[in-house]
Each structure stands twice: as structure tokens, then as C-alpha cells.
Amino acid sequence: MERISQSQLAALIIMFQIGSTPLFLLGKDAGADAWIAVLIAMAAGLLLLLLTLCIHRLEPGKELMEIMNTYFGKYIGYVFGIAYFIYFSYQSVRNLREFGDLTNLYLLPRTPLPVLIGCLLLVAGYAVWHGIEVFGRITQILLPGICAMYGAFLIAIYATGLFDLHRIEPFLDHGVMKVIDAALPEVLLFPFGEMVLFLMFWKFADRKKHTFRTTALSYAGTGCFIILTNLFIAASLGPIAQISVAPFIQLVSQIQFASFVERLDPFVAALLFTGVFIKLTAYFFGAAFIGRHLVKADQRYIVVSVGVILLVGSLWFRSFMQHIWIGFEYNLKYHFPVFQIYLPALILIVMLLRSQLRANGSRRS
């Protein structure tokens with residue numbers, strides 16, 4: 001069986017959680033207190049993380065599909081498997097379309113969208129084709145450079161005087177309930193609730209006794225980074241951040257040193273594209289793993305089939321704005337809670353009940 005190290009697992013969690021989150025002002029309904037909304041969502045997301053980690057601890061040698069088959073039986077497990085296959089595929093589709101639209105918008109406006117999406121899909125499919133070990137090494141190599149560049153951008157924003165805390169004062173001006181409403185469930189589910197995907201990856205980690213600590217520390221570090229970027233966006237752009245399509249790119253475009261260091265937005269766009277690539281590939285892996293269990297076919301056939309589904313699905317959205325609107329108005333409110341909260345909670349409850357029944361039966365015998 002393939003294996004990834006704990007450092008590779010940490011890199012994968014960090015890169016996955018970052019994804020495209022710096023692109024947006026998360027919790028913007030809270031206005032200047034958006035960064036506080038992210039803090040609240042991160043704390044709530046820790047409960048969901050503990051839920052999924054408990055599932056893994058009960059069955060450390062199984063991935064999500066195997067767990068569902070074990071505890072729900074072949075037929076109910078199969079139905080749940082189809083549901084999660086659709087969910088993982090749809091999440092990958094969203095990231096794929098995000099990449100294509102952002103590239104069209106900021107870097108290659110004359111290149112047809114299907115060409116951009118097809119090129120990225122080929123790269124992601126190549127990574128999935130070669131397995132989780134190769135993907136783990138890719139994230140481990142990319143992470144230091146990504147962190148260094150984000151750090152350099154934040155320092156540059158502060159050094160050029162764009163950052164001004166007065167733009168987000170006074171704190172909690174509209175009351176704490178407005179901030180909580182902005183945080184839950186939208187920011188909770190994107191990005192913190194998405195850790196349910198790692199029920200497909202923890203099985204492959206070596207030194208499993210360290211998995212809990214590695215996951216928790218990676219989650220906490222990434223959450224602090226997301227809070228920091230939200231704080232910088234809100235304190236640097238002010239009210240403009242709430243109406244901007246890509247506020248972080250807009251913010252970085254305003255950085256100027258002397259008379260020659262300027263127009264840095266293509267670099268931050270490249271960072272975002274890297275995050276989106278890691279995220280869509282991780283979901284591609286999740287869909288391929290479940291697809292392999294559903295149809296009992298060769299992994300390579302599954303990769304090609306899922307790739308075709310993702311290509312067709314990514315071209316379904318009529319525009320970038322429709323893609324964003326559907327995500328925030330429908331998916332985060334009605335669809336994603338089923339897969340990130342309700343089904344994991346049901347799985348854990350059934351696992352605990354069946355474990356208790358087995359324990360009682362053993363004592364009687």
C-alpha cells in the first residue's frame with residue numbers, strides 16, 4: 001500500500017485548506033469584523049475536525065468508503081458512496097472552473113476556457129494517475145515557496161502603508177450576533193468543514209499515532225493564516241473589500257516600491273492557482289478512490305472516467321459570477337452541510353453504537 005509521511009500529510013492539509021481562500025473576503029456579511037467571523041468559524045470547525053478524527057481513530061486502517069461498507073452494510077454503504085462520489089467530484093469541478101475563470105480574468109483573457117480547464121485537468125489527472133505518494137511529494141516541495149511568497153506579500157502590504165487598523169474599528173460595531181451569522185454556516189463549511197475529505201487520506205499516513213497531532217497543528221496554523229489574510233484585506237481595502245470579486249489580488253496590485261516594483265498581481269494569481277490545483281487534485285483523488293470501490297475497475301480507467309466527468313461539469317456554469325453565487329447561496333447553505341456535518345455525525349454515532357454492542361456481547365460470552 002502507498003504511504004505518505006507525516007510532513008507530507010501536514011503539507012497536504014495546509015495547501016488544501018489554503019486553496020483559493022485568500023482570493024475572497026470570508027465572512028464579508030460581518031463587514032469590518034469579517035476576520036472575527038473567520039476566527040469563530042475556525043473554532044467551530046475544530047469540532048468537525050474532532051468528529052472526523054474520531055471516525056479515523058476507530059478505523060485507522062480504512063478509508064471512508066470502507067468504513068461505510070463495514071458499518072452500514074453493502075447496499076446502504078453503496079448509496080452513501082455514490083453520494084460522496086458526487087460531492088467530491090462537484091468540489092473538484094468548482095475548483096477546476098475557478099482556475100479557468102481566474103486565468104481568463106487575470107492572465108490569459110484570449111485563451112478559450114475549455115483549453116485552460118483541459119490543461120489543468122491533464123496535470124491533475126497525471127498526479128492522480130501516479131498515486132498519493134507522488135502527490136504528497138509535490139505538496140511538500142511546493143509548501144515552503146508558497147508560504148514564503150505569501151509572507152513576502154503581507155510584509156510588503158504592511159511596509160507600503162496600505163494596512164490601517166482604523167479601517168476596521170470599532171470592533172463588533174454591529175454586535176456579536178451579526179458576526180456569528182456571517183461565520184455559521186458559510187465560513188465554517190468553506191474552508192474548515194472540508195476536512196472530511198481527509199477520511200480518504202489518513203489511512204495512507206505512516207506513524208499513525210502522530211496523525212492526530214499533525215492534523216490538529218496543521219489545521220490551527222492554516223486557520224491563523226486565513227484569519228491574518230482576512231484581517232489584511234479588510235484593514236487595507238476597507239469597504240471596497242466587501243464588493244471586490246478578488247480582493248487579495250486587488251490589494252497586491254496596489255503595492256509599489258520605488259518606481260519599479262509594482263504590478264505584482266500576476267504573482268499572487270500564480271499562488272492562488274497553485275492552491276486551487278492542490279485542492280481540486282485532492283478532491284479528484286477522493287472521487288477516484290470512491291469510484292474504484294463503486295465499480296471495481298482498474299484505477300487508471302477510473303482516473304480517465306472521472307476526468308471526463310470533471311471536464312463536462314466544469315463547463316456547466318455560465319459564468320464566474322454564477323459559479324460564486326451558487327456556491328455561497330445554495331451549496332454552503334443546503335448541500336455541503338449534509339456531507340460535512342450530518343453524514344459524518346451519523347457515521348460516528350453508528351460506529352460508537354456498534355462498538356458498544358460488540359463490547360457488550362464480548363462481556364456476556
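Cβ coordinates are placed from backbone N, Cα and C, and glycine is handled just like the others.
Remember, TrEMBL labels are computer predictions, not curated facts.
For the transmembrane segment (9-28), same-chain residues at least 6 beyond its ends with a Cβ under 8 Å from one of its own Cβ atoms are 34-38, 41, 95, 98, 102, 135-136, 139-140, 142-143, 146, 150, 179, 182-183, 186-187, 190-192, 194-195, 197-198, 201-202, 205, 211, 214-215, 217-219, 221-223, 225-226, 229-230, 233-234, 241-242, 244, 246-249, 268, 271-272, 274-276, 278-279, 282. What TrEMBL lists as transmembrane segment is 9-28 (among others).
The transmembrane segment annotation in TrEMBL covers 34-55 (among others).
Among the features that TrEMBL reports, transmembrane segment is placed at 75-93 (among others).
Counting same-chain residues at least six beyond the ends of the transmembrane segment (113-129), those with a Cβ under 8 angstroms from any Cβ of the stretch are 96-97, 99-101, 103-104, 135, 138, 277, 280-281, 284-285, 288, 299-300, 303-304, 307, 310-311, 314-315. What TrEMBL records for 113-129 (among others) is transmembrane segment.
Beyond the transmembrane segment (141-163), the same-chain residues lying 6 or more positions past its ends with a Cβ under 8 Å from any Cβ of the stretch are 11, 14-15, 18, 22, 225, 228-229, 232, 235-236, 251-252, 254-257, 264, 267-268, 271, 274-275, 278. The transmembrane segment annotation in TrEMBL covers 141-163 (among others).
Residues or ranges marked as transmembrane segment by TrEMBL: 183-204 (among others).
For the transmembrane segment (216-237), same-chain residues at least 6 beyond its ends with a Cβ under 8 Å from one of its own Cβ atoms are 9-10, 13-14, 17-18, 21-22, 25-27, 32, 34-35, 38-39, 42, 45-46, 49, 53, 150, 154, 157-158, 162-165, 167-168, 191-192, 195, 244, 247-248, 250-251, 254. If you look up TrEMBL, you'll see 216-237 (among others) marked as transmembrane segment.
Under the heading transmembrane segment, TrEMBL lists 267-289 (among others).
Annotation source TrEMBL lists transmembrane segment at 301-319 (among others). If one looks beyond the transmembrane segment (301-319) by at least 6 residues along the same chain, the residues whose Cβ comes under 8 Å of a Cβ in the stretch are 89-90, 92-93, 96-97, 100-101, 113-114, 117-118, 121, 124-125, 128-129, 284, 287-288, 291-292, 295, 326.
Taking Cβ pairs closer than 8 Å, the transmembrane segment (339-357) reaches residues 48, 51-52, 54-55, 58-59, 67-68, 71-72, 80, 83-84, 87, 189, 193-194, 196, 199 in its own chain, all 6 or more past its ends. Among the features that TrEMBL reports, transmembrane segment is placed at 339-357 (among others).
Simply put, out of 34-55, 75-93, 183-204, 75-93 has the most Cβ pairs sitting under 8 Å from the transmembrane segment (267-289). Sequence-remote contacts of a segment are chain residues at least 6 beyond its ends whose Cβ falls under 8 Å from one of its Cβ atoms, and for the transmembrane segment (34-55) they are 25-28, 67, 168, 171-172, 179-180, 182-184, 186-188, 192-193, 195-196, 198-199, 211-212, 215-216, 219, 223, 226-227, 230-231, 233-234, 241, 340-341, 344-345, 347-348, 351.
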